[in-house]
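Visitor: Provided herewith is a single structure, encoded as structure tokens, for subsequent inquiry.
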Amino acid sequence: MSASQDSRSRDNGPDGMEPEGVIESNWNEIVDSFDDMNLSESLLRGIYAYGFEKPSAIQQRAILPCIKGYDVIAQAQSGTGKTATFAISILQQIELDLKATQALVLAPTRELAQQIQKVVMALGDYMGASCHACIGGTNVRAEVQKLQMEAPHIIVGTPGRVFDMLNRRYLSPKYIKMFVLDEADEMLSRGFKDQIYDIFQKLNSNTQVVLLSATMPSDVLEVTKKFMRDPIRILVKKEELTLEGIRQFYINVEREEWKLDTLCDLYETLTITQAVIFINTRRKVDWLTEKMHARDFTVSAMHGDMDQKERDVIMREFRSGSSRVLITTDLLARGIDVQQVSLVINYDLPTNRENYIHRIGRGGRFGRKGVTINMVTEEDKRTLRDIETFYNTSIEEMPLNVADLI
């Protein structure tokens, strides 16, 4: 939906968007209290019960246009309250008496979809809204039964399973009025682009589209042209994407084979509350986990080759704090809200510099302090400088007293 819906053709892309994703906001209205957003009483109760006191910057700007039904592009870094922004907007617009799916949220990973579902259910706790996670790796027959019997108000899912359910007509698009793409930079990367298009073809042409992302590479902008109408743009400039409260350091390990000893030394010198170690390949996650276990370090590991049940158990243990150190690939870097993480170690620098912000955003959500340590070989030095330039940030050599900072 848009302010001038009828006068707009889908081929005319959003204005104010340059190829490199240097984008201007076109919405300046700020509402700095949840009480002033005209939200329902039961939704407000859920918001305050969840622990929110004051809307974050993105919530102050984006909730209102979302509720008014505009198409919205919202750019904010990890940990700023993006999920609650669209969850609140959806819950305010749901007709509770209509037992039909009215909002569809897509996320790039199963874990993120489940995280979003939890937030929606918690915020909507006093409303009686239903929300179902429609994700791969789960029983299809049980899914079909759930969709047919209940027709949940809100579906949160991954593109493959959602399209399958739409295609087989177990999920009806008839009453879907809001379509949300979370972590759109990842969603619209080549792997998911076609599925997004396919899903969009199934939805009504007047469905409201809300797109959220930490970064706005040109391929995302290209796709927004195809399915967004005169969107409200609420954005932070790239150089503002440095994550406040996160101290960033590097260790010059010189050679790849010296990383393992360096990591073990860190274990002995740091009293870690909880830490995530990022690695670029699934195979290397398994390799490092084995090496750490062989040296009697307790670590858990998670990557995309594991089945869903195993991944769920590992995430549950890590969230509860019973496991303290998690080795993973970028799978976890997309929006998983692990509150206690105070330390992120990039054992490998990310191959895609735009993933850097997703990884280190794990370390200090909503202003919580965090430390990031990047292990850098001679070959990595240029990549590190590239990341510094891209985010307009400074990454210093790790001081000897790093334990005091965590």
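Just so it is clear, glycine is given a Cβ too, placed from its N, Cα and C backbone atoms.
Under the heading region 'Disordered', Swiss-Prot lists 1-21. Under the heading N-acetylserine, Swiss-Prot lists S2. Per Swiss-Prot, the feature phosphoserine maps to S4. According to Swiss-Prot, the domain 'Helicase ATP-binding' annotation covers 63-234. Residues or ranges marked as ATP binding site by Swiss-Prot on the basis of sequence analysis: A76, Q77, S78, G79, T80, G81, K82, T83. For K118, K174, K193, K238, the entry in Swiss-Prot reads N6-acetyllysine, with the evidence type similarity to another entry. The feature SUMO2 cross-link is assigned by Swiss-Prot to K146, K225, K238, K309, K369, K381. Taken from Swiss-Prot, the feature phosphothreonine covers T158. Marked as domain 'Helicase C-terminal' by Swiss-Prot: 245-406.
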Visitor: What count of other C-beta atoms do you get within 10 angstroms of the C-beta of K118 (N6-acetyllysine), across all chains shown?
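Guide: Its Cβ shell of radius 10 Å holds 16 other Cβ atoms.
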Visitor: Among the recorded positions listed here (K82, K118, K146, T158, K225), which has the Cα closest to the Cα of K174 (N6-acetyllysine)?
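Guide: Of the recorded positions K82, K118, K146, T158, K225, K146 has its Cα closest to that of K174 (N6-acetyllysine).
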Visitor: Measure the Cβ-based neighbour count of G81 (ATP binding site), defined as the other Cβ atoms within 10 Å of its Cβ.
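Guide: The Cβ of G81 (ATP binding site) has 21 Cβ neighbours within 10 Å.
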Visitor: Relative to the Cβ position of the residue listed as 'phosphothreonine', how many further Cβ atoms are located within 10 Å?
Guide: 23
Visitor: Could you check which of the binding-site residues A76, T80, G81, K82, T83 is the closest Cα neighbour of K118 (N6-acetyllysine)?
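Guide: Spatially nearest to K118 (N6-acetyllysine) by Cα position is T83.
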Visitor: Counting every protein chain present, what is the number of Cβ atoms, excluding its own, within 10 Å of the Cβ of K225 (SUMO2 cross-link)?
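Guide: K225 (SUMO2 cross-link): 14 neighbouring Cβ atoms within 10 Å.
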